[in-house]
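To start, I am sharing the structure in question, which I have written as structure tokens.
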Amino acid sequence: MFSRDMTIAGYDPELAAAIEDERQRQEDHIELIASENYASPRVMEAQGSVLTNKYAEGYPGKRYYGGCEHVDVAEQLAIDRAKQLFGADYANVQPHSGSQANAAVFHALLKPGDTILGMSLDHGGHLTHGAKVNFSGKLFNAVQYGINDDGQIDYDEIQRLATEHQPKMVIGGFSAYSQVVDWARLRQIADSVGAYLVVDMAHIAGLVAAGVYPSPIPHADAVTSTTHKTLRGPRGGIILARSNPDLEKKFQSLVFPGTQGGPLMHAIAGKAVAFKEALEPDFKQYQEQVVANARAMARRVIERGYNVVSGGTDNHLFLMDLTPKNLTGKDADAALGRANITVNKNTVPNDPQSPFVTSGLRIGTPAITTRGFKEAEATRLADWICDVLDNMGDESVVERVRGEVEQICREFPVYG
């Protein structure tokens, strides 16, 4: 029999130390990885609940196991809240991740060997949008589009590629693009060749939910997303769509049993909590601040002489091109890490470096905004980044910036 008094610390001190060290790292470091955020204690409570014990293959009211009456309530709450939050007619909250959601949708709408048209990873896309190392580039004939010399999506190129290759699916969405996507234009292109339009809004789902970034749902046949990142929920995925009974049936069957078995009910409960939090009025204010902070940081690094791809940002992230400074993303990432500023190296368009080295940094503001940073703090942070990059190899600058970072982290704790 288990006791509620059982703890990891009392049984597995090595693991307990790793967890505590990570908690302390999150408090003492500034997090600028665009795909990371801090889940609320309520979300984490749901993920650590007894729902982790329950197997629930199937869907609410149609399970293959007994004893699902309570987890049915949790999943239905998540479904209903997701539909309300995004203005969707259909929601599947079972995908274990964004990639799993994409896999289910792709298998629902495509056959192996079909042509897909997605954004190149090198130009800001995602692995699951047709990268050769991913299932999407192995099972399907992937054609890739990119951005132009101004850092904007080249819609004329997409139309040309669509006309030439006649894809079965056009994919919108990105992992490192800082401008607003014209969903209506992508819909028009897809319609011109009789293709499905699928949008992966994993990075901007929170912005879309709050109405500070255009929603793809009115335009796409299916919309996928993660539930963490800007949504601040648990790690997981979701599929959304407008009313279409035929497609809904395909999506349902391709999530379960097509690509997954039992759903993670503790994670689904965490999604339900996160969607409720996102329906609160202050969530819109949070997302507006996320964008304001990203713009403030981008402006300052440009003022300090750094190149920002596309010249600015209209969402939660921007991409610094370090090529003119003769710096690599790998070296910049490491130097900033020593100053307790966590970023990620990232390829830039036409990057001469390998993906393990890169010529860029991706900067995102969801996590610092959760801490309470506003434009003033974001601007100071941009200055600290530039100070370190301007003085690569000077560890005294790294040490000074680390002290500043530790001080501001104490002023803005994650979990106060």
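Even glycines carry a Cβ here, placed using N, Cα and C.
Under the heading (6S)-5,6,7,8-tetrahydrofolate binding site, Swiss-Prot lists LEU121, GLY125, HIS126, LEU127, SER354, PRO355, PHE356, citing sequence analysis as support. Among the features that Swiss-Prot reports, N6-(pyridoxal phosphate)lysine is placed at LYS229, with the record citing sequence analysis. Annotation source Swiss-Prot lists site 'Plays an important role in substrate specificity' at HIS228.
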Can you give me the Cα-Cα distance between SER354 ((6S)-5,6,7,8-tetrahydrofolate binding site) and the residue listed as 'N6-(pyridoxal phosphate)lysine' in Å, rounded to a whole number?
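SER354 ((6S)-5,6,7,8-tetrahydrofolate binding site) to the residue listed as 'N6-(pyridoxal phosphate)lysine', Cα-Cα distance: 26 Å.
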At a 10 A cut-off on CB-CB distances, which of the binding-site residues LEU121, LEU127 has the highest count?
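Neighbour-count leader: LEU121.
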Given HIS126 ((6S)-5,6,7,8-tetrahydrofolate binding site) and LYS229 (N6-(pyridoxal phosphate)lysine), what distance in Å do their CA atoms have, once rounded to a whole number?
15
Provide, as an integer number of angstrom, the distance between the C-alpha atoms of HIS228 (site 'Plays an important role in substrate specificity') and LEU127 ((6S)-5,6,7,8-tetrahydrofolate binding site).
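One finds 18 Å between the Cα atoms of these residues.
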In whole Å, note down how far the CA of LYS229 (N6-(pyridoxal phosphate)lysine) lies from the CA of LEU127 ((6S)-5,6,7,8-tetrahydrofolate binding site).
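Just about 17 Å between their Cα atoms.
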Reported as an integer number of Å, what is the Cα distance between LEU121 ((6S)-5,6,7,8-tetrahydrofolate binding site) and LYS229 (N6-(pyridoxal phosphate)lysine)?
19
Distance check, please: Cα of GLY125 ((6S)-5,6,7,8-tetrahydrofolate binding site) against Cα of the residue listed as 'N6-(pyridoxal phosphate)lysine', rounded to an integer number of angstrom.
16
Restricting to the chain of PHE356 ((6S)-5,6,7,8-tetrahydrofolate binding site) and a gap of 6 or more, list residues whose Cβ falls under 8 Å of its Cβ, or answer none.
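When sequence neighbours closer than 6 are ignored, PHE356 ((6S)-5,6,7,8-tetrahydrofolate binding site) has LYS330 within Cβ distance under 8 Å.
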How many neighbouring Cβ atoms, not counting its own, are there within 10 Å of the Cβ of HIS228 (site 'Plays an important role in substrate specificity')?
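Looking across every protein chain shown, the total is 27.
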Mind telling me which of the binding-site residues GLY125, PRO355 has the densest Cβ neighbourhood, counting other Cβ atoms within 10 Å?
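The most densely surrounded of these binding-site residues is GLY125.
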What three-state class does DSSP give HIS126 ((6S)-5,6,7,8-tetrahydrofolate binding site)?
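DSSP call for HIS126 ((6S)-5,6,7,8-tetrahydrofolate binding site): coil, neither helix nor strand.
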